[in-house]
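Visitor: Here it is: the structure, laid out below.
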Amino acid sequence: MASLSVKPGQRFTLPDWQNNSLLISADAEQQRFNSHHVRQEGRALRNETGNQAKWDEHNSRTQLKDRITTVDRWRETLARCLTDIDLEIDALTKVKEAAENAIQAKNLWLDVAIECLTFRESRRDIDVVRDPVEEELHREVKVIEKTKKELQQRVDDAFKQLCLLKEARQLLSSDYRHKVEALELDRQCMSFNPTSGNISFKVNPTRIPNGSTALSEWEQNSRCNKERADAEIKGSVDLRGAVTLSIAQTNNELDAQRIAAEFALRKRMRDMEAALNELRWQEQNTLEEIAEMEEEIRQLEEDIRKRTLDLKVAHTRLETRTYRPHIELCRDQVPH
């Protein structure tokens, strides 16, 4: 008779089986609940991070726009300042050249005054006098040398001011170029978006680069550059006025001294012409007197010749009467 085959192992009861099914169902429900909770938290996190990302991007874009506006405003300010300083450099250069030309003109006047003094050294004898003309010419030489020294000092001051202006312009130009480059980079950053093809992860993007400065230091640097340029422009404007005034004053001084020297020279020429006319008049009178004296001498000589003949007649008569004979040789009144 065949025996019943029974699978070896533990046998569970129906309640155990039912309990196991209930446990599996309960665990599945719990896992689904946990999954739903996690999904809800993930959805909330996605919403939160999405909103935060949008807000952060909006805030970053707003701050970037504000930064671009600030940098662009400083760029325009520096550009205007660069234009002003370029115009001032050109104006001061022209004034400096005018002062140098004035010095060259003074050299010509100095040569003329020295040549006049040299010519007057050719005078002879009593005409070599220290007259007002010589004094005015020496004074003119001193005035020219003084004005040349003053103008040369102005030229040196203008050269130094030009160096300061160019140095300030160099700082402005460098700051301007840097701001232009910064604007290009910031505008490029403004163009980036999630669909851009040139975006990627970077190594330590939040690092602080070497040589970076604080915002207050950045603004202070630009302000200092502008204030220095403004100060140098103002100093240059004042110097241009002083140089122009010096040129006018030195020209007026030289013109006044030149007029004084020419007046003294004309007066001296009139005195010399009067003295020359007087000498000519005296010479003419003397020559006439000499001619009259020569005529008088000639007449005296003629009279002497005539008196000599009369004397010879008297001598001859007296000698002849000495030959009277005897008693006739008497001292009568005839010899007297």
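Quick reminder: no glycine exception, Cβ is built from N, Cα and C everywhere.
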Visitor: With TrEMBL as the source, which of 59-100, 227-268, 269-310 is set down as coiled coil?
Guide: 269-310
Visitor: If you check TrEMBL, which stretch out of 134-161, 190-217 is marked coiled coil?
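Guide: Going through 134-161, 190-217 one by one, TrEMBL gives coiled coil for 134-161.
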